[in-house]
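Novice: Just dropping this structure here.
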Amino acid sequence: MASPHAGNVPPGVDPEAFSWFQTVDTDRSGFISVKELKQALVNNNWSSFNDETCLLMINMFDKTRSGRIDVYGFSALLRFIQQWRSLFQQYDRDQSGSISFSELQQAFSQMGYNLSPQFSQLLLARYAQRSPNPSIQLDRFIHICMQLQSLTDAFREKDTALVGNVRLSYEDFLAMVVTRML
């Protein structure tokens, strides 16, 4: 197989993604690390993506469990980020470049999550930068939504009657959380 740096776009990889892969792969290894990904991704306020979010995304697209992604994983990751960016922009109703508490509540509701304002406030306190009007940047929005989806899937596996609550042991709960933390 030809090196990703040979100049030939591999089949199934978007040419723009391939070009960006070559730029981001600063050590010319043919793979993107968490560090390289973090240097390549920025939020609307020009801050770098958070380490945890980059690690979550690398793990999601790392088919070999090496902690890095190849050009195919990178191409898929860029499509994934673009989908989340579109959703983020849709919920950023005031076009501020970040998601406020009320926008987050609306986003959760429109995504089908019936979450209390207290829970949304808890997420804001955990993931927003400290300020008088805390808000969520794109990277944290992706992070929250990925974890919410993963934990919801785990909950639904236990909530077979779809009643909205389950009975489980402490160790079952821990196993559910640990196996779902990407």
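Yeah, the Cβs are placed from backbone N, Cα and C, and that goes for glycine too.
Quick paste of what TrEMBL says about this protein:
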type	residues	note
DOMAIN	12-47	domain 'EF-hand'
DOMAIN	79-114	domain 'EF-hand'
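Distances, neighbours, how buried they are, the whole picture for these features please.
Specialist: Note on the domain 'EF-hand' (12-47): residues 3-5, 54-55, 57-58, 66-75, 77-79, 81, 97-98, 137-139 of its chain, located 6 or more positions outside it, place their CB under 8 angstroms from a CB of the stretch.
Sequence-distant contacts of the domain 'EF-hand' (79-114) (same chain, six or more residues past either end, CB-CB distance under 8 Å): 14, 41, 43-45, 57, 60-61, 120-121, 123-124, 133-138, 141-142, 145, 148, 152.
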Novice: What is the number of residues in the domain 'EF-hand' (12-47) that are helix, strand and coil, as DSSP sees it?
Specialist: 17 helix, 2 strand, 17 coil
